[in-house]
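TrEMBL annotations:
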type	residues	note
DOMAIN	B:13-92	domain 'GST N-terminal'
DOMAIN	B:95-222	domain 'GST C-terminal'
């Protein structure tokens, strides 16, 4: 839940390029905070503001989200989500080894599954008019398929990656759902993965987080409509 | 130090494609273990063995390294290195917030800095004979340059990313040094980064880890020479 007086503040895009579809990386942090039941305030930044020296001190790569609470400042969505999972209850199981396994899946989402998905996404956005577009898209699709197949094989009939929903599932769902829309046909080839993502998106905490980030987009739309 | 009777076992390539240059991901884990002073044994695997069902149970993506100790099994080099950093002394500072910041840099290395470097590396390896090679290489070089510039600006005159050497530096050095050889000209454009990597590589723990992974390559060379 957002609350202007919360001790936690995160940064997010004032005008997200995803138009409220929940692909900007503040969504991961919002979802984590909803799962553990912590309220937070949001500082919206324009693209120009991300590259100012006052923000680069907080986030040297000039991206969103950053996280601030008391005297702790963090950037990098994986680190922020892990911090939330370790500090509050709800995203990690009680058993020590099971916690390690959950965090392992957080890293797997970010370092093994996300890179080929984001590479493909950037390619579709930036190189659609290039003569090599079709041939290279096939290569990039196959790179994504390989990871989806491995993930699908691991999941099998299971509901989540390990025995219960954890921070690892949260990040894996966030990463794989980037394929919705521009990669829908890849998604459709792996019903096990599609069902897994749908289970994640059905969680009440996800729904609340999604609605809150979407409200930012809807507000910005009405502001720009009003200024016309 | 490697020791066949150690409680920790990691997996590594029997025949690493990097020919002993320390770019395979077991090197990160070896370095971390050397920094904290824990010995380990190594299970060498052929490319075929990585894709067998008995290994995929341990590592669903069929890659190295995996980590085993008592009843804990982990994959994903970032998760393994973080586990080592949290369990043993030497890779995290004592202050709680400083620990969070160190771990934040571990995520930044893996999720913000590594992806454009690995994308460029794979492109150079697989698409060198394509008609688009030159034009795309320029794009990928610029993506890497952007991250190196931001990292260089953050480092400035500092020795490490935060007040002392941490697990975040370990992973950042490992990630950026992938540019040695095929990306040497990028490396040369950022003397701050080159000096930072050199400081990492000069650490005795790094040197021991490097020598041990190199010995695997040299052994495999002498075996194949002997079989001729």
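Glycine too: its Cβ is placed from the backbone N, Cα and C atoms.
In TrEMBL, annotation is done automatically, which means it is predicted and not curated.
Source: prediction; values computed, not measured.
Taking the domain 'GST N-terminal' (B:13-92) as a whole, pLDDT averages 97 in the prediction. DSSP assignment over the domain 'GST C-terminal' (B:95-222) gives 102 helix, 0 strand, 26 coil. Residue counts of the domain 'GST N-terminal' (B:13-92) by helix, strand and coil are 30 helix, 15 strand, 35 coil (DSSP-based).
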